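Residues or ranges marked as signal peptide in Swiss-Prot (evidence: sequence analysis): 1-20. If you look up Swiss-Prot, you'll see 165 marked as N-linked glycosylation site, on the strength of sequence analysis. Residues or ranges marked as region 'Disordered' in Swiss-Prot: 257-288. Taken from Swiss-Prot, the feature compositional bias 'Basic and acidic residues' covers 261-273. Among the features that Swiss-Prot reports, disulfide bond is placed at 312-320, 319-389, 348-421, 352-423, with the record citing similarity to another entry.
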């Protein structure tokens, strides 16, 4: 259902931006009544003749998006000095050197952040017991190994504290990563990372924690995971050290089911239970260590790259984005619209031949590609459908304007500006 809604919205937006709906019988010989958005391609190429119609369509579109029946009438403009002072106080924009108001594009930044978050994967990997005592093994999933840019990586460990009195309230917990022979090239780098030469280990995270209550503790390991991914590796092996835990009776829950029973006695005997001993195995399993990884593909990853929509330059006749800017000053709307100075009323036009319509990056969705596959092969009921040039990516727009009561309104409007076009 969301997909159908999106397709309908994009088609409607494109139609509103470009031209008003034709009256019956007004369609020219090149019109495509079975594909409303395809009518964009039939616009007159003589821009001066078609511009008034375009501008009127843009006006109607803006008023509709602002939920206004008509433009506000500004009878007594607010003095410019008072306006600029209010904008500064409200932090809704800034005044440029030329005196024009520049609205802060918070919504644009949020949209970029949301797009980035959509491209980020979050993976949780539970620890397995390593080959040696007090070591943990984290195997990063196949999906994680396909990602190459680490946004955040953390190891979560549970510190269990008995109710008995303790002589120490703070303990230091260290995460040490075993290095392969020859794994560290530069001596200075190794020294900075805390290389333990006798064990060939690197200190990758350290934290002083409160030993008065049982709780989870988080250890950042982003740089270590990034190095592993850069080296093409998909697993992390760490040794957990807590030299002061035995003084407080505190213990770190380190083990999964593997090797738990054979090590818990030894761990408790030697250092106060650092091996994660506990009477209730199910409860201890709920405190099993895990690695939380947030990562994404790099910009130049082959699966990340996609074909950008074409810009209309007069040399192509296939589906492309046509730039069209309407200045609010030129249309007499700068008396009530404070910012921005105009509207990028971009629209889509061009043909969608069969070899383009189903191409990755040019089609609106996977659904469109499947439909085109059947359409090209003449399968009913898709044989008579036509592929249309429509917006495939839109971005929001922020507006600062006066209402009829001389109030200053800031409104963020979603899906207002066409960024890319493709074949539906």
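Using N, Cα and C of the backbone, Cβ positions are placed for all residues, glycine too.
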Inter-residue Cα distance where the pair is residue 348 (disulfide bond) and residue 423 (disulfide bond), in Å: 10
Whole-number Å distance separating the Cα atoms of residue 421 (disulfide bond) and residue 319 (disulfide bond) is 7
Reduce the DSSP letter at residue 352 (disulfide bond) to three states and note it down. coil
Distance check, please: Cα of residue 319 (disulfide bond) against Cα of residue 352 (disulfide bond), rounded to an integer number of angstrom. 6
Neighbour count, 10 Å Cβ-Cβ cut-off, for residue 389 (disulfide bond): what number do you get? 30
Cα-to-Cα gap, residue 352 (disulfide bond) vs residue 389 (disulfide bond), nearest whole Å: 6
Based on Cβ atoms within 10 Å, give me the single least packed residue among the disulfide-bonded residues 319, 320, 348, 352, 423. 320
Provide, as an integer number of angstrom, the distance between the C-alpha atoms of residue 348 (disulfide bond) and residue 389 (disulfide bond). 6
Run through the Cβ atoms and count how many others sit within 10 Å of the one on residue 421 (disulfide bond). 31
